[in-house]
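Positions annotated as active site, proton donor by Swiss-Prot, on the basis of sequence analysis: D261. Taken from Swiss-Prot, the feature site 'Transition state stabilizer' covers C181.
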Amino acid sequence: MANNSNSGSELEVDDTLQSICYNRGSLKLLDQRKLPLETEFLDIRNSSDGWSAIREMVVRGAPAIAIAAALSLAVEVFNFDDFTGTSNDAASFLFKKLEYLVSSRPTAVNLSDAANKLKEVIYKAAATASDSNSVFQAYIEAAEIMLKDDIASNKAIGSHGASFIQNQLKNPQRLSILTHCNTGSLATAGYGTALGVIRALHAAGVLRRAYCTETRPFNQGSRLTAFELVHEKIPATLVADSAAAALMKDDQVSAVIVGADRVAANGDTANKIGTYSLALCAMHHNIPFYVAAPLTSVDLSLSSGKHIVIEERSPKELLNSRGGLGEQVAASGISVWNPAFDVTPANLISGIITEKGVITKIDSSDFDIKNFVKRTAGQSVA
């Protein structure tokens, strides 16, 4: 990938809180591995660059990687000057590239969901187009709509979540929220999911304090979430992952809000490793535990979380400091187990906050997500 440090006037200061900077034919991704100490954008010229950026954690967060993948291919086909195939050839090319991009990170359903939706656009375009350029144009426009829709979706999640939590909790004027990993502007096209709810609570004047975990081993909480909270001037405290239970015991947490990489039909949720531990602690201390995610994170094809494929990351992330980017800190020869995600069972989750509203349980332990999706299918995001 070409390297383009942020030293000119093209990218303004506030863009440091945008992981995706796109204009038709051009895509730059903020290298989140270097935050918060260095701001650097990488030029993404094609789907190969996009795959590498996602796999190597240049960009992360389920919504963000879906958008980045789609746009990396949009940039590639926009800049084609030597494609001589038919409309069907163009469709075949796009299908193969989308499958390739989906393989970059298998746990996040947003990526495969975006690919499937884009394939539908490609099918329709190829059936009526007279040339390859028309198919490529249809794809580019669809990818750009996804970028726009993600921002609107995130703001709706924030609004629904803030209203719901204020109505559910005691003393809603003095809320302290604990979150895990990074679910803000850097993990999405903008605003954020779980962190978007925290932003909305702060804007409403009811947030006393946000707590963010460091989120080892890649430190998305200490490097990214803390960075966003400081930038937004939201009162916040960083805690070690291992301090979360003690924080809850000391009655410092009103609710826990996390994001999601994949939600099964029954509500079981795959999210950053350590989420399950937080949910167990929250239940023990009678603290509500919420998942905030767009409906694109829901995978109705999976009946439960036992079917979710969990990505395992490089041992180097544990063996070396700075999530694998620094010097070795562990003994040579030690074996490593480094799952990127865990699955929190639905019985530990109080509600799932989406852009269409909050999914609550039909009884003590079960969510009827299929019915919620069906019931809100024609409902606009607001």
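Glycine is no exception: its Cβ is also placed from the backbone N, Cα and C atoms.
Computed from a predicted structure; not experimentally measured.
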Here the Cα-Cα span from D261 (active site, proton donor) to C181 (site 'Transition state stabilizer'), rounded to a whole number of angstrom, reaches 12
Using a 10 Å cut-off, grab the number of neighbouring Cβ atoms around the Cβ of C181 (site 'Transition state stabilizer'), all chains included. 29
State the count of C-beta atoms found within 10 angstroms of the C-beta of D261 (active site, proton donor), not counting that atom itself. 30
